[in-house]
């Protein structure tokens, strides 16, 4: 049985004050939810150490929003997988459209980042998804396959053991417009079926999250879909009470 996973991607938001207040509040609101749902937050890199200190003793994990391809060296401004492991991060987001678009990261770059994370025993959270134009041309499945194939060809099927896939239709990210839950289920089922053709056991255990304007109002309906194993939450993860509501919705849906 797959355990639901909800991750908060803070993107370029936060402060020392926010980190401490947010985590204290979230811990209080989730105090009776031990082992009901896996939870992580991914603040900006500069706040990882502070977040880790406030997360200590809780079941909330630390995530990060990016990783570099290199272990060490003259790469100004970058963070390696080894460093993320050293600071206590567990879930590392890669392939997000904002990285693909603004930093020109290719599918090959993302596959190599995936490999770096696996080599350090960290859990990649691989973001895949299509643009509005690709969706309108009914190319969603083909785009998802292309993005998955880079991982399968470079790293191999076994790399998806203890990994996470986040289906994030690009047209739904930070727009307030979430995809229809039945459409989401259809794509999640397709992704799982595609992996099933490579390895049945891995397909059945891999966590497939949804990302794209997830909020307190639509979370319950999303999580009621059998192949939606959680969410990668953006803006709604910046307020502890809203994020807690989403987490509780995941726990309730997957408990039934």
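Note that Cβ sites are derived from N, Cα and C of the backbone, with glycine treated the same way.
Annotation comment: Swiss-Prot describes 96 as active site, electrophile. The number of other CB atoms found within 10 A of the CB of residue 96 (active site, electrophile), across every protein chain shown, is 27.
What Swiss-Prot records for 168 is active site, proton acceptor. Counting only same-chain residues at least 6 apart in sequence, those with a Cβ under 8 Å from the Cβ of residue 168 (active site, proton acceptor) are 96, 97, 127, 128, 129, 210, 211, 212, 232.
In the three-state DSSP reading, residue 9 (substrate binding site) counts as strand. Take the CB of residue 9 (substrate binding site) and look out to 10 A: across all protein chains shown you find 28 other CB atoms. Here Swiss-Prot flags 9, 10, 11, 213, 234, 235 as substrate binding site, drawing on sequence analysis.
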Let me know how many other Cβ atoms fall within 10 Å of the Cβ of residue 10 (substrate binding site). 22
Comparing local Cβ density (other Cβ atoms within 10 Å) for the binding-site residues 234, 235 points to 234
